[in-house]
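Under the heading domain 'Inhibitor I9', TrEMBL lists 31-106. Residues annotated as domain 'Peptidase S8/S53' in TrEMBL: 130-582. Residues or ranges marked as region 'Disordered' by TrEMBL: 196-217. What TrEMBL lists as compositional bias 'Basic and acidic residues' is 197-212. Residues or ranges marked as domain 'PA' by TrEMBL: 383-456.
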Amino acid sequence: MKTFKSLISLLLVLGFFDVSVAAQNPDQRATYIIHMAKSEMPASFEHHTHWYESSLKSVSDSAEILYTYDNVIHGFSTQLTREEAESLEQRPGILSVLPELKYELHTTRSPEFLGLDKSANLFPTSGSASEVIVGVLDTGVWPESKSFDDTGLGPVPSSWKGACETGTNFNASNCNRKLIGARYFARGYEATLGPIDESKESKSPRDDDGHGTHTASTAAGSVVEGASLFGYAAGTARGMATRARVAAYKVCWVGGCFSSDILAAIEQAIDDNVNVLSMSLGGGTSDYYKDSVAIGAFAAMEKGILVSCSAGNAGPSSYSLSNVAPWITTVGAGTLDRDFPAFVSLGNGQNYSGVSLYKGDGLPGKLLPFVYAGNASNATNGNLCMMDTLIPEKVAGKIVMCDRGVNARVQKGAVVKAAGGLGMVLANTESNGEELVADAHLLPATAVGQKFGDAIKSYLVSDPKPTVTILFEGTKVGVEPSPVVAAFSSRGPNSITPELLKPDMIAPGVNILAGWSGAVGPTGLATDSRRVSFNIISGTSMSCPHVSGLAALLKAAHPEWSPAAIRSALMTTAYVSYKNGQKLQDIATGKASTPFDHGAGHVNPVSALNPGLVYDLTVDDYLGFLCALNYTASQINSLARRKFTCDASKRYSLADFNYPSFAVNIETAQSSSGSSVLKYTRSLTNVGPPGTYKVFITSSTGPGVKISVEPATLSFTQANEKKSYTVTFTVSSMPSNTNSFAHLEWSDGKYIVGSPIAISWN
């Protein structure tokens, strides 16, 4: 069935992004991305671009091509009516006509926590380290940030083919030997929403939002001493790969981020010769051949570029992941061992801990009147402190308690302040549980978890004259346990391919300090006139560039490694327990996290540098993966830009796809009718010294599932030698839980090569 006519039901929850497909009036023009079968171009055309133009003119005299693509897809983007799009899809050589997706923006201690400060001498410090280029697709870059200081860096790598584009408030001199490239992509955005208002945002690579500067500096920012946000998290700020070069690709604007622009940016980044692509956006829950980011990432992978993406902020719900393609490294979020305590001190003598990044005039040195927002509003949702819902007479001179949800946390504080309130206590509800995210509020404020919030509300209800104050304690390090999986971090299972375990790993994503734009305050609110060089924000948008930067370090140390080998090294060396032996915790449940939450575990870059063995993958392996999904030749062509027909005589199996993790799906009817046996084959490549590895299985599956490995020993005598093994799952009965987990490790006594196993009953 043709792509356009099929029902497209998309729900993408991205790092800091939602996505939507705009409803279209039959006569209204909308942007479409047209995939062409380049090999079917008639001989009468001298160049494929002429064929594209001719195909477009056959259905519309007025439509113009926005972008022509050659690296990421074979095809182009343009604006068409619905009838024209349907007509074009019937033309010869047209693989698919996909409606454009629109993405909406929602919103110093990492190196030490990851052990990079004590192990810096293990990583390349010059030469190869400064040859690696990290491309960041985001809201642009603030080039004046000290995170992009190029002191001590040599000439721009000779491999670099990019440019520094000029535009509003940005010229070529804004780039240097650190920020070696900056481009912007707005044709898709302007085609839909009209010309950019240059009085409100820069039609250039300049970052007016802050998000892009934050992600770029997290991945590869230079060392900056004396960094902090209002004195919080004070110390030396540095990216993961301080010697790597940065190339910024601005694809997100005030009105959103459009897939035609994102595809064009990936296309350009490939031509520019980046080594790593960091995208805190994109992907989603549509089939890979319909997903523009997955399509672009496939092309990047073919060129040896590792693509790192955020897993999404839709946790702790199951099946909430985005960016689940196997050629994308999918990153969830964990906490650091750092906190910013701010206590709620009640009139009854009780104190409750919260978090805050407020810095400014303090509260009077006495207890103040305390009111619940729901009792100071005539609105049905008054407890949420939405715009214009509070009654000033009931709020003035008091501290107000607001419930978290719907509108931005910092906006709630602005609402309280506008109504005359002196401070705010922000309480989590059931959906957020005990997860605390610190904010640079505009008034004295702190955020507390659900349990403390409920206790404080009980006091508010029971005391006829409740009083309160807030005590700010600054920065605290050494918080335990850490890391814990962030509640907002999106979770598996993988809704597109349940046989592929995602996310791949977690990395720091809560209260991360990094560079910021000088055009906007730390809250991002229009009323926030404060300006900062560094900001502290949270999200899988923050964990993604951590892994992008770590991938750059590994690429510098091992230039010959494929993107799959780099991801494998990060996954198989990730840790799933604390130093005391206890399992990683999930803040959403207060219990041990699972591979559906943390993937292979929390990144451990020092171990990843020398993993011993890796699970490698080639382009042919990924094509075999598509065959195992029963993709048609046309669908594979849309994704992989080639005429490829699956071999009818070959057995393609997702169970044998050489991924560093295992997702085993068992049909309930199958397991209840008797014993069932499933076999999974993997291949390991030696990237360390010669050694003999023995296998170890740790399982919590119960007696109903037996796991065995053959052979139980693998001996490697030389570099790049490959050895295969098979894991057999013998299922005799279904356990009480629908999901159970295990862990497989190969070890020679020095190296430990770990893989998570998730077993699900359907």
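Each residue, glycine too, has its Cβ placed from N, Cα and C.
Whatever TrEMBL says is automated annotation, not expert-curated.
Quantities reported herein were computed from a predicted structural model and do not represent experimental measurements.
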DSSP residue counts for the domain 'Inhibitor I9' (31-106), split into helix, strand and coil: 21 helix, 27 strand, 28 coil
Mean per-residue pLDDT computed across the domain 'Inhibitor I9' (31-106): 92
Secondary structure tally of the compositional bias 'Basic and acidic residues' (197-212) (DSSP, helix then strand then coil): 2 helix, 1 strand, 13 coil
